[in-house]
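Asker: My questions will all concern the structure given below.
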Amino acid sequence: AFATRRFVRAASSAAATAAAKKLIVKHVTVIGGGLMGAGIAQVAAASGHTVVLVDQSDEILKKSTKGIEESLKRVTKKKFADKPEAGAEFIEKTLKNLTTSTDAVAVVHSTDLVIEAIVENQEIKNELFKRLDKFAPEHTIFASNTSSLQITQLANSTTRQDRFGGLHFFNPVPMMKLVEVIKTPMTSQKTFESLVDFSKAVGKSPVSCKDTPGFIVNRLLVPYMMEAVRLFERGDASKEDIDVAMKLGAGYPMGPFELLDYVGLDTSKYIIDGWHSLEPNNPLFAPSPLLDKLVEEKKLGKKTGEGFYKYK
């Protein structure tokens, strides 16, 4: 009995030590005040994390904060429909957890997790991570919200490859429940588990994927959208009929052309061009002359008023 008690105590102590080693994220720095960055900052602040949202100018950050406030009001209308006072308190508490800054280097000194959500450009992201790596504490985890770039290449710009992973949120972040947690060959198990725990803490459902082009969702979704464009290019069906077919036949909420316009044709072209350069012989990653033409004409979808469809 004495030996058993000693074994149990030892096992409990070992478990406690292991739990202590796993990082519990409390302080989050989000780099990038666009739709994705602001959305990530919102859900992190709403779930009790201390958040600093960083971008290049106060003007951008004011716009981001205003967007977050409006988004929170929409959330509270549904979540606290019968309790307006509780809704107002929720908004107040969330905004108290959120601050902004134009100096990324200054704020990473005391953060547990840095989430990057800036422009989809390898060189710019690498430069950012390389710079922040010099100033962030040793325990700090770095994560990218990239949807198309290799996490491994981003991690290699730092000295913390074991504390680097992917956290791919979906737009709009407050509404979409999914987060893809990407583990590179160098990502430690402790880091991976910390990223999964953080995803759950902000109310999301995490799925795990290796560092493969497009991860899970985009790896299936982008070739599907490109194949729809090729179907249209060949004259096999109209874009309207393709959209109707996929909505009524497959139960999709949007057809592929509606989705392309929603995502942005420039974004889709950037992704497919990147994958094509990695695997030039893969027919799924072949560029589309029509997509290239629309992007060249600045017809990028809903954000410009015209893409495959026209918008008022």
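Using N, Cα and C of the backbone, Cβ positions are placed for all residues, glycine too.
Per TrEMBL, the features are:
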DOMAIN    27-212  domain '3-hydroxyacyl-CoA dehydrogenase NAD binding'
BINDING   Gly32, Gly33, Gly34, Leu35, Met36, Gly37, Asp55, Glu120, Lys125, Ser147, Asn171, Lys303  NAD(+) binding site
BINDING   Ser71, Lys78, Ser147  CoA binding site
SITE      His168  site 'Important for catalytic activity'
DOMAIN    214-311  domain '3-hydroxyacyl-CoA dehydrogenase C-terminal'
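Quick one: how deep are these features, and who are their neighbours?
Answerer: Non-local neighbourhood of Gly34 (NAD(+) binding site): Ser64, Ala117, Ile118, each in the same chain, at least six residues away, with C-beta under 8 Å from its C-beta.
Ser71 (CoA binding site) has a Cβ environment of 20 other Cβ atoms inside 10 Å.
Mean per-residue pLDDT, taken over the domain '3-hydroxyacyl-CoA dehydrogenase C-terminal' (214-311), amounts to 96.
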Asker: Rounded to an integer, what is the Cα-Cα distance in Å between Asp55 (NAD(+) binding site) and Ser147 (CoA binding site)?
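Answerer: Each residue's Cα considered, Asp55 (NAD(+) binding site) and Ser147 (CoA binding site) end up 20 Å apart.
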Asker: Got a sec? Which of these recorded positions, Lys78, Lys125, His168, has the most Cβ atoms within 10 Å?
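Answerer: Ranked by Cβ atoms within 10 Å, first place goes to His168.
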Asker: Let me spell it out: for each of the binding-site residues (Ser147, Asn171), count the other Cβ atoms within 10 Å of that residue's Cβ, using every protein chain shown. Which one has the most?
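Answerer: Comparing the binding-site residues Ser147, Asn171, the most crowded Cβ belongs to Ser147.
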Asker: Out of Gly32, Ser71, Lys78, Lys125, Ser147, give those binding-site residues positioned within 10 angstroms of His168 (site 'Important for catalytic activity'), comparing C-alpha atoms, in sequence order.
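Answerer: Correct set: Ser147.
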Asker: Among Gly32, Gly33, Gly34, Leu35, Met36, Gly37, Asp55, Glu120, Lys125, Ser147, Asn171, Lys303, which the record lists as binding NAD(+), how far apart in Å are the two most distant Cα atoms?
Answerer: 24
Asker: Can you count the other CB atoms that lie within 10 A of the CB of Gly32 (NAD(+) binding site)?
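Answerer: So the number of other Cβ atoms within 10 Å of Gly32 (NAD(+) binding site) is 24.
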Asker: Calculate the distance in Å between the alpha carbons (Cα) of Ser71 (CoA binding site) and Met36 (NAD(+) binding site), and round it to a whole number.
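Answerer: Rounded to a whole number, the Cα-Cα distance is 13 Å.
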